[in-house]
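Colleague: Just dropping this structure here.
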Amino acid sequence: MLDLVIANLTSPIVLFFALGLAAALARSDLVVPEAVAKALALYLMMSIGFKGGASVAGHGIDARLVGAVIAGALLSFSIPWVAFQILSRTTKLPTLDAAAVAAHYGSISIVTFVAASESVRLSGLVAEGYLVAVAAVMEAPAILTALWLAQKARKKAGTGAEGDEPQGALLREILLNGSIVLLTGAFVIGWITGARGLEIVSPFLVAPFQGVLCLFLLDMGLVAGRGLRAGWRELRGPVLAFGLYMPLVGASLAALVALPLGLSAGGTALLITLAASASYIAVPAAMRLALPEARPAIYLTLSLGVTFPFNLTLGIPLYIALAEALT
Amino acid sequence: MLDLVIANLTSPIVLFFALGLAAALARSDLVVPEAVAKALALYLMMSIGFKGGASVAGHGIDARLVGAVIAGALLSFSIPWVAFQILSRTTKLPTLDAAAVAAHYGSISIVTFVAASESVRLSGLVAEGYLVAVAAVMEAPAILTALWLAQKARKKAGTGAEGDEPQGALLREILLNGSIVLLTGAFVIGWITGARGLEIVSPFLVAPFQGVLCLFLLDMGLVAGRGLRAGWRELRGPVLAFGLYMPLVGASLAALVALPLGLSAGGTALLITLAASASYIAVPAAMRLALPEARPAIYLTLSLGVTFPFNLTLGIPLYIALAEALT
Amino acid sequence: MLDLVIANLTSPIVLFFALGLAAALARSDLVVPEAVAKALALYLMMSIGFKGGASVAGHGIDARLVGAVIAGALLSFSIPWVAFQILSRTTKLPTLDAAAVAAHYGSISIVTFVAASESVRLSGLVAEGYLVAVAAVMEAPAILTALWLAQKARKKAGTGAEGDEPQGALLREILLNGSIVLLTGAFVIGWITGARGLEIVSPFLVAPFQGVLCLFLLDMGLVAGRGLRAGWRELRGPVLAFGLYMPLVGASLAALVALPLGLSAGGTALLITLAASASYIAVPAAMRLALPEARPAIYLTLSLGVTFPFNLTLGIPLYIALAEALT
Amino acid sequence: MTETSNAPRLATHPKKRLDIIVEAPIMNRLLDLLDRLAVTGYTVVPALAGRGRDGSWRRAGLVSDAGQMVMVICVLDESRVPEVLEPVYKLLSRQIGIVTVSDVAVIRREHF
Amino acid sequence: MTETSNAPRLATHPKKRLDIIVEAPIMNRLLDLLDRLAVTGYTVVPALAGRGRDGSWRRAGLVSDAGQMVMVICVLDESRVPEVLEPVYKLLSRQIGIVTVSDVAVIRREHF
Amino acid sequence: MTETSNAPRLATHPKKRLDIIVEAPIMNRLLDLLDRLAVTGYTVVPALAGRGRDGSWRRAGLVSDAGQMVMVICVLDESRVPEVLEPVYKLLSRQIGIVTVSDVAVIRREHF
Ligand SMILES: Nc1ncnc2c1ncn2[C@@H]1O[C@H](COP(=O)(O)O)[C@@H](O)[C@H]1O
Ligand SMILES: Nc1ncnc2c1ncn2[C@@H]1O[C@H](COP(=O)(O)O)[C@@H](O)[C@H]1O
Ligand SMILES: Nc1ncnc2c1ncn2[C@@H]1O[C@H](COP(=O)(O)O)[C@@H](O)[C@H]1O
Ligand code: NA
Ligand code: NA
Ligand code: NA
């Protein structure tokens with residue numbers, strides 16, 4: 001496993017992340033324009049969605065696909081509950097902050113997923129293409145659990161949120177989030193067009209993928225570094241610790257669920273990574289709409305500044321080793 | 001031809017357009033940043049211009065090139081007049097709106113041209129490279145015809161536009177439109193540098209082209225969907241119908257003109273497509289300058305929300321079949 | 001050498017620059033969005049940094065690397081002093097303007113470097129990979145010399161800048177400039193990951209490089225053209241002439257320094273090009289902070305509108321010929 | 001204040017201008033609210049960076065829209081200010097952001 | 001209104017600020033006009049979205065510049081307002097867009 | 001001016017708004033200064049183009065940040081205007097850029 005850790009730590013992807021992190025912490029003015037960062041995110045969604053769909057088209061569907069999708073949804077629904085219990089017991093975070101943080105850990109980070117996919121491939125393993133669909137399915141349920149937790153807390157405190165938007169509108173906004181739509185849409189298009197489609201888009205969506213990922217991770221490092229510089233004051237000891245051990249809690253839950261699914265070692269590693277990763281795109285936006293009192297300085301710094309780097313460097317090799325041990 | 005239609009409808013390009021359209025109609029917040037959309041448009045112009053020029057460098061010029069360019073200019077000049085007559089007789093559109101719509105149908109849609117080029121290639125046909133030059137030439141003349149129609153109408157109504165800019169300045173703005181300059185410039189550079197130049201730029205301008213096109217069409221779908229949602233109220237029955245049959249009118253005129261030109265089947269299909277397509281970049285900008293009273297909600301919705309999808313899905317296979325029948 | 005000049009003038013890179021220049025001078029509305037232009041600049045830094053580092057990883061370090069880096073720093077420190085003396089004697093530029101201009105000529109233009117690298121390769125020469133490191137090292141020292149010149153002038157005139165920022169903060173801002181950080185960082189990453197890393201990022205950072213460069217140079221042409229249109233009034237005869245002969249002065253100094261270094265012909269050509277080129281990204285930003293009284297209309301127009309096109313078209317073939325004669 | 005005497009040749013009319021600085025994810029809700037309130041128009045301007053009670057942010061330092069701000073400018077008749085300000089205030093009460101009101105004069109009265 | 005008494009240590013001078021919201025394709029003509037009118041300066045700010053009598057638009061939802069708006073801010077002396085407002089009004093009369101005038105105070109009088 | 005009688009149901013409070021148009025490379029220094037002066041908040045808006053005494057510029061026509069401008073908006077209490085304006089003026093005295101002060105009313109007084 002040490003080999004895996006070292007190979008991981010010296011991959012261009014991780015090194016560009018480190019470069020961005022260091023530049024931001026040193027207060028360099030290096031910056032990736034916002035429009036370009038958004039375009040890179042679109043590219044990643046489009047590429048992994050398409051490749052996942054094309055791979056399913058090639059290998060066909062089986063019961064395991066359905067099982068994995070259901071397992072993913074269950075994990076996304078339940079992890080926030082676990083996270084919330086831990087936060088309530090070990091930290092002094094206000095309830096709404098705790099609920100918001102919990103939502104991030106139930107949902108997923110697509111870049112962590114992508115980085116894990118690359119490591120899985122480098123380890124000589126193969127993962128099922130439909131794990132992209134599992135990723136898409138895991139984005140939203142965590143938000144619902146968090147909202148339910150917040151509502152319960154509010155009822156208890158007798159501070160029902162007045163002037164709330166109707167729940168239906170909120171649900172639509174969450175499910176039609178751009179990243180979910182593009183990931184799912186590209187998956188379906190990859191599925192429909194299969195190998196023929198993949199051949200057409202391959203020089204754009206496949207070949208330069210890892211290089212683009214380097215640029216994206218440079219930006220992620222810059223963003224995480226700036227977040228850490230601005231927000232680390234908010235992170236007291238137990239909250240910070242949560243950002244480091246919660247991925248392992250999520251990973252363990254996923255490992256339990258993965259066992260009966262019969263996934264390959266690669267697929268198991270990716271499912272574990274999904275559970276261990278924390279969102280920083282879809283969930284923060286949803287939280288501003290649904291739980292505006294929760295503080296972004298806390299949940300974003302934790303997810304992007306602590307958990308993401310942890311997963312990228314140490315987490316992923318660990319999850320792959322765990323998956324190999326399990327299968 | 002049914003084969004061609006089905007192959008066309010299940011191409012990644014069309015499916016990504018459909019994804020964007022569906023996302024926008026469902027009010028997803030999926031969005032391609034403005035700067036990126038503009039960059040994609042630059043890329044497309046640069047690529048097709050360069051490839052067209054390089055292909056002319058390879059095959060040499062002949063009388064047919066000159067003939068095709070003249071034919072394109074004539075079509076662009078005359079189609080707006082035909083469109084204006086039809087609109088005046090079948091719809092209640094105010095004169096200036098009718099003139100503005102007419103300008104769009106005389107000019108061309110470069111994305112429709114590109115999509116048709118791909119379909120032509122998939123059908124096993126080959127098209128003359130200089131059709132790119134024909135496309136560039138067809139962008140502007142339609143605007144002049146429309147302005148002339150509008151001026152005639154204003155004179156008749158006795159409402160000469162006071163405070164107008166001098167016509168010379170307007171003409172310069174129209175002819176030096178960015179898309180015309182880049183398309184023509186890249187064509188000339190492709191011509192000068194030929195095969196050697198193509199080899200140098202090929203990994204950027206040729207290989208990833210279709211994948212980039214998918215991303216661009218995702219954005220076009222999003223834009224068309226938002227336009228339809230905002231503007232469909234403006235489109236009464238006869239105006240809507242115009243958006244569907246006018247491409248066929250343009251196509252028929254082009255077919256007549258193409259016959260004596262001696263173009264290949266592929267080239268004929270592309271010339272027909274150019275005539276059938278409607279502008280949504282160069283002409284709208286020119287209309288805001290020259291005919292500000294005309295309503296964008298009408299001409300943009302019609303061109304982008306009705307005619308563009310029609311051409312992309314059903315039109316192109318039809319034009320290829322027509323071209324094959326003719327040659 | 002005439003062959004080289006002609007081959008250079010008809011390369012797609014130079015032709016796209018000319019297209020942009022012509023479009024801007026003709027007042028076309030063609031424009032590359034700001035965010036995209038910045039992304040292209042990031043891409044170029046990342047690519048040349050990485051390729052340079054990977055090449056050093058392949059060939060190993062030797063004493064010449066250290067020698068070349070020191071030589072570069074010396075050139076960057078001393079050229080502004082020479083430029084300042086020339087400007088003081090031959091032009092009527094105010095002292096602070098002269099100091100600012102001098103800083104630009106001591107620092108480097110990374111795009112000129114890249115264009116020269118391509119020409120070197122086309123000439124069948126090979127250059128040492130570590131010249132990228134030399135380029136990074138040469139960015140900043142010139143700024144320090146210029147500030148020292150300005151301070152001396154101010155002391156003489158008795159107009160010490162009141163309310164100045166502490167020098168330390170300024171130094172940090174200059175050294176942590178985004179382009180220096182990315183160039184150096186990518187170089188180090190390329191060095192660490194070597195051939196394995198290069199293989200991973202190659203389809204993104206290597207293959208499409210020259211095509212991307214064409215797009216970037218289109219934008220440079222547009223920017224230079226707009227600058228010339230706005231700023232040419234500021235350029236009196238002797239100042240304009242300085243923009244044309246100063247590159248040759250820098251080149252000569254570099255040639256002297258290069259001789260004892262034992263660089264290859266390609267490496268010598270690149271070192272000469274670095275010395276001959278003038279900055280238009282890092283230095284202007286630093287000048288706004290450190291010498292705000294100096295006028296951008298002068299130093300930007302001179303560097304971008306005069307020296308850059310000169311180097312791109314005539315300078316580079318000249319420097320290659322010079323290097324071949326010297327080695 | 002903006003007496004029309006300032007512009008004797010072109011009549012100007014006093015209006016109020018609301019500047020609402022609000023988080024990007026809330027923007028759509030705010031615009032929907034303004035539409036429901038039937039204000040005659042508004043314009044949205046992007047913000048690059050800011051600081052308030054809830055800390056500072058920079059657009060370039062964000063992966064997602066969350067935390068980004070926009071400025072919504074709405075010119076309207078003084079008579080309509082209270083009925084617009086109240087629901088806007090209510091919508092924003094739980095959110096990050098500020099609202100200012102100022103005096104402006106407009107030409108082309110029929111626009112407002 | 002902006003009596004200089006507000007800032008006893010640094011003198012401020014009353015000026016007028018024009019905010020002109022106008023379509024992007026017209027912007028160059030407007031700026032040329034302002035140049036011809038010899039106003040001392042202006043600043044252009046992008047707009048992201050808006051609604052007016054002619055319907056609503058969003059920058060992200062546009063392939064072309066047509067329909068996009070920008071806001072041109074121009075600070076100038078009250079005495080110059082009428083002579084600037086009139087030709088601006090004339091230029092915009094056939095276009096989509098609005099103009100507001102408001103009071104501001106400036107330091108550094110020589111700038112305006 | 002902005003008598004609270006305009007909005008009988010929701011109290012508004014008079015404040016001052018500073019609009020500082022400044023070069024992008026200076027922005028960080030200005031924001032640091034505002035932080036040191038402990039203003040309660042500010043918002044930065046991008047500028048696309050402009051013209052002043054030092055010539056005209058367009059964002060699209062720049063390779064570097066140098067020459068680009070941003071607009072920093074800062075709403076604050078009238079009592080604080082002089083102590084903020086003076087150091088801001090000093091910082092900008094050698095730079096390109098302008099400062100305007102205007103009257104606004106705010107709701108949510110605790111924000112300022
Ligand atoms: N006094 C102020 N002046 C200008 N903008 C402000 C001010 N206070 C807050 N803002 C803006 O409103 C956002 C949220 O403010 P707050 O709710 O105080 O955190 C900040 O990030 C700023 O962009
Ligand atoms: N009352 C208003 N307040 C602020 N912006 C407005 C207002 N009315 C119109 N606008 C802006 O001006 C543009 C054109 O307005 P109109 O000519 O009424 O369609 C709109 O799209 C808005 O961006
Ligand atoms: N009167 C003005 N109204 C609005 N913006 C101005 C004005 N004067 C200057 N500016 C802005 O401030 C920048 C620098 O002005 P200056 O220092 O006069 O060159 C200009 O480029 C404009 O963006
Ligand atoms: Na998770
Ligand atoms: Na047409
Ligand atoms: Na130099």
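From the backbone N, Cα and C atoms, a Cβ is placed for every residue, glycine too.
TrEMBL annotations: computationally assigned, not manually curated.
As annotated in TrEMBL:
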type	residues	note
TRANSMEM	B:6-27	transmembrane segment
TRANSMEM	B:39-59	transmembrane segment
TRANSMEM	B:65-84	transmembrane segment
TRANSMEM	B:96-117	transmembrane segment
TRANSMEM	B:129-150	transmembrane segment
TRANSMEM	B:174-194	transmembrane segment
TRANSMEM	B:200-218	transmembrane segment
TRANSMEM	B:239-263	transmembrane segment
TRANSMEM	B:269-291	transmembrane segment
TRANSMEM	B:298-322	transmembrane segment
Colleague: Which residues, given as numbers and ranges, are at least 6 beyond the ends of the transmembrane segment (B:269-291) yet have a Cβ under 8 Å from it?
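Modeller: Cβ under 8 Å, 6 or more out: 41, 68, 71-72, 75, 79, 96, 99-100, 103-105, 107-110, 112-113, 116-117, 120, 125, 127, 131, 134-135, 138-140, 142-143, 146-147, 150, 165, 170, 173-174, 177, 179-180, 246-248, 250-251, 253-255, 257-258, 261, 263, 299-300, 302-304, 307-308, 311, 315-316, 319-320, 322-324.
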Colleague: Residues of the same chain, at least six outside the transmembrane segment (B:239-263), with any C-beta under 8 angstroms of its C-beta?
Modeller: 64, 67-68, 71, 74-75, 78-79, 82-83, 86-87, 90-91, 93, 101, 105, 128, 271-278, 298, 302-303, 305-307, 310-311, 315, 318-319, 322-323, 326-327
Colleague: Hey, which bits of the same chain come close to the transmembrane segment (B:200-218), Cβ under 8 Å, at least six residues off its ends?
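Modeller: Residues 12-14, 16-17, 19-20, 32, 37, 40-41, 43-44, 46-47, 50-51, 111, 114-115, 118, 193, 312.
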Colleague: Same-chain Cβ contacts of the transmembrane segment (B:65-84) under 8 Å, 6 or more residues past its ends?
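Modeller: Tertiary neighbours of the transmembrane segment (B:65-84) are 56, 98-99, 101-103, 105-108, 128, 130-131, 133-135, 137-142, 144-146, 149, 242, 246, 249-250, 253-254, 257-258, 261-263, 267, 271, 274-275.
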Colleague: Take the C-beta pairs under 8 A between the transmembrane segment (B:39-59) and each of B:6-27, B:96-117, B:174-194, B:298-322. Which stretch has the highest count?
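Modeller: Looking only at B:6-27, B:96-117, B:174-194, B:298-322, the most contacts with the transmembrane segment (B:39-59) come from B:174-194.
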Colleague: Can you say which of B:6-27, B:96-117, B:174-194 has the most Cβ pairs under 8 Å with the transmembrane segment (B:298-322)?
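Modeller: Of the candidates B:6-27, B:96-117, B:174-194, B:96-117 scores highest.
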